[in-house]
Amino acid sequence: MPSPGLLVLFGSQTGTAQDVAERLGRDARRRRLDCRVQALDSYSVVNLINEPLVVFVCATAGQGEPPDNMKNFWRFIFRKNLPSTSLCQMDFAVLGLGDSSYAKFNFVAKKLYRRLLQLGGSALLPLCLGDDQHELGPDAAVDPWLHDLWEKVLWLYPVPPDLGVIPTGVPLPSTFTLHFLLEAPRTCSEEQHGASTDPQGPPSERQPFLAPMVTNQRVTGPSHFQDVRLIEFDITGSRLSFAAGDVVLIQPENRASDLWRFCQALGLDPDQYFTLQPREPGVPCPAQLPQPCSVRHLVAHYLDIARVPRRSFFELLACLSPHELEREKLLQLSSPQGQEELYSYCNRPRRTILEVLCDFPHTAGAIPADYLLDLIPLIRPRAFSIASSLLAHPLRLQILVAVVQYQTRLKEPRRGLCSSWLASLDPGQGPVYVPLWVRPGGLTFPETPDTPVIMVGPGTGVAPFRAAIQERVARDQTGNFLFFGCRWRDQDFYWEAEWLQLERKGYLMLFTAFSREQERKIYVQHRLRELGPLVWDLLDRQGAYFYLAGLQRTLRFQRDRRFPVILCHICVSCHKVHGLGSGWRSARTRAPGGGGPPPAQALPASILENLSNKLWALRGCF
């Protein structure tokens with residue numbers, strides 16, 4: 001039978017599902033199958049009825065929500081008017097990626113699998129549920145599932161005998177070719193490419209707004225262990241619109257020192273220019289890259305050399321290595337049997353792509369430039385809760401940024417790419433522009449003026465609540481109850497003067513917990529217990545909304561119609577937000593290097609379980 005062509009569609013929030021989808025595409029090409037790999041929302045879903053063979057790779061975001069790049073597909077596929085025979089021509093498989101510490105583990109993949117069956121699709125094999133909590137990560141489930149998948153596919157569509165399977169040690173052709181120019185172009189607008197100080201429409205990922213940074217102020221005391229910044233941007237003329245609870249996405253760049261080390265390791269001239277061309281028709285060039293482009297711009301703004309590499313990185317690097325000993329080691333790290341060793345070498349100490357390349361110098365020096373975009377993923381934008389309201393500051397956007405830095409067994413401290421880059425910018429030394437855009441967040445606040453709002457925001461988690469309080473005060477809304485916790489009143493009490501002034505004016509009731517100022521540590525949950533009768537009265541009699549927020553991202557959990565509760569939890573050690581589902585207490589948190597600070601204090605299990613089941617039980621808990 002002729003090959004039908006395989007379609008791999010992915011929904012990815014952090015890049016893991018995309019990485020697995022691209023791995024599927026490479027495996028298909030090795031088996032001589034035509035294969036397209038696309039994000040779900042970039043695919044015209046009405047054509048799905050004509051697809052004979054489709055693999056869906058889906059992550060689950062938040063509390064069972066689809067990733068951002070599959071939300072349009074999600075709405076379409078669950079239309080009630082779709083006939084039950086819509087996909088009767090299609091063979092499909094679904095691979096889910098999730099975290100079993102969440103209550104709705106792999107919810108998106110499970111629900112999609114059932115829906116595809118309802119629409120008449122034929123499942124090639126059972127659903128795969130990759131689990132990030134497994135000691136070997138999601139590959140523990142993905143590897144055997146992929147083995148079974150290819151057995152099924154090749155039984156239906158055998159490899160032509162005159163061609164055969166391309167061995168794993170042979171590199172596939174690169175997606176793009178880089179054509180280096182003999183001299184630099186006379187005119188170049190790299191810094192303005194894809195971003196604008198005068199956008200034609202609302203800023204987006206494809207065209208961010210270059211926002212002038214107005215202030216970059218440290219708001220923690222000089223002796224405090226963490227550097228936290230209040231950063232303000234001028235958004236005049238940006239056409240940005242946002243409300244309390246929304247997030248701003250910022251596109252960071254690599255450090256200049258890392259750029260030079262990378263170019264030195266690979267023998268690249270940062271000042272050389274090139275044009276990019278796809279090898280196959282129909283493959284678009286990355287919209288983030290100008291044409292022509294310098295190596296400096298490619299490395300600084302596009303290649304994520306500061307991230308921890310995935311297994312696929314080692315697979316391709318092994319194919320490209322001309323050095324026998326280095327190649328042998330890379331093959332071991334990329335093999336199913338070597339995943340524990342890979343975790344110890346790479347994931348546990350948070351070793352970066354740049355550091356791995358420096359550890360394999362003969363291989364790094366031999367990497368063809370054409371493979372750079374296949375080998376190294378693009379820099380993803382980082383999301384921060386907006387900490388200001390347009391009603392209070394019409395031409396400004398503020399964020400509260402905790403600069404991520406921690407130590408592992410490696411000599412060099414681990415640093416957050418975006419937070420460290422933002423902290424290094426000094427508008428006092430000259431104009432500073434940061435590419436950014438806005439998207440809706442997971443927190444929504446009641447519009448009715450007499451509805452009370454209870455907000456629990458320890459540390460930097462208070463940022464979205466500042467925006468909400470500013471917005472509600474501008475509308476003359478009272479009934480704002482804020483529980484704020486930090487270590488020391490004089491070191492990390494963010495916006496103390498602002499809160500106290502609002503309290504004096506009657507717009508806010510503030511309850512604080514300074515955990516280190518007495519022998520017995522006091523956290524926000526202790527204040528909630530102390531004020532249990534007030535909290536219960538607000539929830540039960542006055543219909544208050546209850547919010548618990550963490551760092552950078554907010555997730556929504558809504559259980560009872562009478563008492564809307566919005567919850568999330570930040571784990572400081574891995575800088576990930578964890579949902580407060582039934583398995584949250586037993587979740588194995590992978591702290592960088594096996595060490596680092598302990599997880600952030602959350603509400604005690606009794607309160608959380610009652611909140612997540614029925615809020616009626618809160619009365620007994622208090």
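The backbone N, Cα and C atoms fix where each Cβ goes, glycine too.
A quick note: this is a predicted structure, and the numbers were derived from the prediction, not measured.
Record features (TrEMBL):
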- 6-150: domain 'Flavodoxin-like' (DOMAIN)
- 12-17, 59-62, 97-106, Asp132: FMN binding site (BINDING)
- 189-208: region 'Disordered' (REGION)
- 206-447: domain 'FAD-binding FR-type' (DOMAIN)
- Arg350, Arg382, Ala383, Phe384, Ser385, Gly416, Leu417, Cys418, Ser419, Trp616: FAD binding site (BINDING)
- Thr460, Ser515, Arg516, Lys521, Ile522, Tyr523, Val524, Gln525: NADP(+) binding site (BINDING)
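Here the candidates are the binding-site residues Gly15, Ala383, Leu417, and by Cα distance the one nearest Tyr523 (NADP(+) binding site) turns out to be Ala383. Cβ neighbour count within 10 Å across all protein chains ranks Gly62 highest among the binding-site residues Gly15, Gly62. Note: the CA-CA distance between Ser515 (NADP(+) binding site) and Ser385 (FAD binding site) rounds to 24 Å. In the domain 'Flavodoxin-like' (6-150), the DSSP tally of helix, strand and coil residues is 58 helix, 34 strand, 53 coil. Gly62 (FMN binding site) sits 23 Å from Leu417 (FAD binding site), taking the C-alpha atoms as the reference points. Cα to Cα, Ser12 (FMN binding site) and Ala383 (FAD binding site) are separated by 15 Å. Within the set of binding-site residues (Ala59, Leu417, Ile522, Val524), the lowest number of other Cβ atoms found within 10 Å of a Cβ is recorded at Ile522. When the binding-site residues Ser12, Ser385, Ser419, Thr460, Ser515 are compared by the number of other C-beta atoms lying within 10 angstroms of their own C-beta, Ser515 comes out lowest. In this structure the alpha carbons, written CA, of Ser419 (FAD binding site) and Thr460 (NADP(+) binding site) are 13 Å apart. In this structure, the CA atom of Val524 (NADP(+) binding site) is 32 Å away from the CA atom of Ala59 (FMN binding site).
For the binding-site residues listed here (Asp99, Phe105, Ala383, Lys521), the lowest count of other CB atoms within 10 A around the CB belongs to Lys521. When the Cα of Asp99 (FMN binding site) is compared against those of the binding-site residues Arg350, Ser385, Arg516, the shortest separation belongs to Arg350.
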